[in-house]
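Asker: Handing you this structure, nothing more for now.
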Amino acid sequence: MASLSLFSFFCMFSFLLGMAHAQLSPNFYASSCPRALSTIRTAVNNAVAKERRMGASLLRLHFHDCFVLGCDASILLDDTANLTGEKTAGPNNNSLRGYDVIDTIKSQMESLCPGVVSCADIVAVAARDSVVALGGPTWTVQLGRRDSTTASLSTANADLPAPTSDLDVLISLFSNKGFTTQEMVALSGTHTIGKAQCVKFRYRIYNETNIDAAFAKSKQKICPWTGGDENLSDLDETTTVFDTVYFKDLIEKKGLLHSDQQLYNGNSTDSMVETYSTDSTTFFTDVANAMVKMGNLSPLTGTDGEIRTNCRKING
């Protein structure tokens, strides 16, 4: 009898341990919230139809979440007396957008199936649906992430690439997260959508030499040497369409950010940029695979973390 009890205890312990480290699955909500994915897709499509730039913002939100502590929705937490969030980190402050769209989707989820769909999964699915809405590739989003109860301002400042990053820094930062240089270039290609603030590219357009002169002059009209820090410029010439123009721009020395042009500057990544600039099929395949890999960065599963009722604060 004692042996049987010990065996039962071992089985229960093993089950709980497995639950705590459960694997993600694309069918995670098939029974618990079958309308979750279609509801998220509709909300994203509506948001992008209202403002095309929102697609890029939701994609960037996912990236900035996953690169800090993993894909756990820590980026969504507001500061409180007991918690300093990541929203005021250098790469995020007055720059990240889309929080209100996530709030709207979360409210819909709580009406459909309370306490079931995590904020982290909403962010991951919204990123994919945003890319599709702008003409880009789709991919299968693995689901079952749970939400963190903490955040890290210091990690956000240290681990996220800056628009001033050189190629070796970009390779290192992505390598630290398990990405190859090829995957880093593919993920950088998501800059084919969206905009950047003047303060992020001012130095490049006035001081750097690996830039098309007419392009630099056109951007100086948007971004004066003093003032206008938040003035916006498109990241590529077709900023509301997910395509390969970003890479074509790099070849013409029309990368807006210093970190962008570093991918095509007489270095090891030049050939990758050239391939993607003429082969949208390869780019779409590679970026989709890299996005799946990014979505798998250190997720909380099983009994780790929680399912937040409000994405901006921990429960209770």
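Using N, Cα and C of the backbone, Cβ positions are placed for all residues, glycine too.
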Asker: Which of Cys113, Cys119, Cys198 is the other half of the disulfide bond that TrEMBL records for Cys33?
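Answerer: That record, TrEMBL, gives the partner as Cys113.
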Asker: Based on Cβ atoms within 10 Å, give me the single least packed residue among the disulfide-bonded residues Cys119, Cys311.
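Answerer: Among the disulfide-bonded residues Cys119, Cys311, the lowest count of other Cβ atoms within 10 Å belongs to Cys311.
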Asker: List which of the binding-site residues Val68, Pro161, His191, Thr192, Asp236 have their Cα within 10 Å of the Cα of Cys119 (disulfide bond), in sequence order.
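Answerer: The binding-site residues passing the 10 Å Cα test: none.
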Asker: At 10 angstroms around each C-beta, which of the binding-site residues Asp65, Asp72, Glu86, Asp236, Asp243 has the fewest other C-beta atoms nearby?
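Answerer: Least crowded of the binding-site residues Asp65, Asp72, Glu86, Asp236, Asp243, by Cβ count within 10 Å, is Asp243.
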Asker: Show which residues of the chain containing Ser74 (Ca(2+) 1 binding site), separated from it by at least 6 in sequence, have their CB under 8 Å from its CB.
Answerer: Asp65, Val68, Gly85, Glu86, Ser148, Thr150, Ala151, Ser152
Asker: Just the number: how many Å between the Cα atoms of Cys198 (disulfide bond) and His64 (active site, proton acceptor)?
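Answerer: If we compare the Cα positions of Cys198 (disulfide bond) and His64 (active site, proton acceptor), the gap is 20 Å.
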Asker: Starting from the Cβ centroid of Asp65, Val68, Gly70, Asp72, Ser74, Glu86, the recorded Ca(2+) 1 site, name every other residue in that chain with its Cβ within 8 Å, sequence order please.
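Answerer: Counting only non-site residues, the set is His64, Cys66, Phe67, Leu69, Cys71, Ala73, Ile75, Ser148, Ala151, Ser152, Ala156.
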Asker: Would you list the other residues of this chain near Ca(2+) 2 - those whose C-beta lies within 8 angstroms of the C-beta centroid of Thr192, Asp236, Thr239, Asp243 - in sequence order?
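Answerer: Along the chain, the qualifying residues are His191, Ile193, Asp234, Leu235, Glu237, Thr238, Thr240, Val241, Phe242, Val245, Tyr246.
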